[in-house]
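Engineer: I'd like to ask some things about the structure below.
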Amino acid sequence: MITLFVALYSLFSLRTAVKTSDIKELHVKTVKRGENVTMECSMSKDKNKNNLAWYRQSFGKVPQYFVRLYGQNNYNFVDEFKDSHFSMTVNDQKFDLNINGTREDDGGEYFCGEVEGIIIKFTSGTRLQFEGSNEGSKSSDGKDNFWIIVLTTSIIISLIVIVFLLGVLYKNQRKGASNDHPNNTNQADDEDVLNYAAVSFAKKPSSSRASRDKSHEDVYAQVKIK
């Protein structure tokens, strides 16, 4: 429906007035590349079929007029479509588009409509797509899922490594704190260490010895430092 709206808006931008379309939904034709395909045009029995035209909207592009019926079962393609790749089936009840040997660039949406002056009314629409056209999107989705799994796994592994490193760091800090505690205890114990000092006392000279003679006795005293 969005694509149809874009088509109608694009035609309006080209100064072609568009009436309310009779298209309720697009017909979908899925073919293999190289196959022939026919797209039917619905027409009103009481309308002049000489006013019928086909438009194509390739994927991602604006609608493009490419063939119009005129005269008695005659039709005219625009220059870009004048080759054996496209042909028409025309009679009193038909103005059908034939594509011979479909190619990749044939994919898109095709609209048949009745043209009256500058007014066009679409009467039918067909979406042409190829078999396996969704394989690319499925492959892309598979690749996206693969990278999501890889990234998720990487994040989980990174978190595990971070937690492990934090645990090692915490353990080392605890170990360092426990090594510093005995040093403080040893410093406190050092205050109670007994130090020894040598004190020399001089004795009075004996009356039986010469006054010049001196006798020294080394005495050790225990000194407690606090």
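Using the three backbone atoms N, Cα and C, a Cβ is placed for every residue, glycine included.
Just so you know, TrEMBL annotations never went through curation; they're auto-generated.
According to TrEMBL, the domain 'Ig-like' annotation covers 31-112. Taken from TrEMBL, the feature region 'Disordered' covers 202-226. According to TrEMBL, the signal peptide annotation covers 1-17. Positions annotated as transmembrane segment by TrEMBL: 146-170.
How about a rundown of where these features are and what they're close to?
Structural biologist: Taken together, the residues of the domain 'Ig-like' (31-112) have an average pLDDT of 88.
Counting residues 6+ beyond its ends, the transmembrane segment (146-170) has no Cβ neighbours under 8 Å in the same chain.
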Engineer: Let's see if you can do this one: DSSP helix, strand and coil counts over the domain 'Ig-like' (31-112), in that order.
Structural biologist: 9 helix, 37 strand, 36 coil
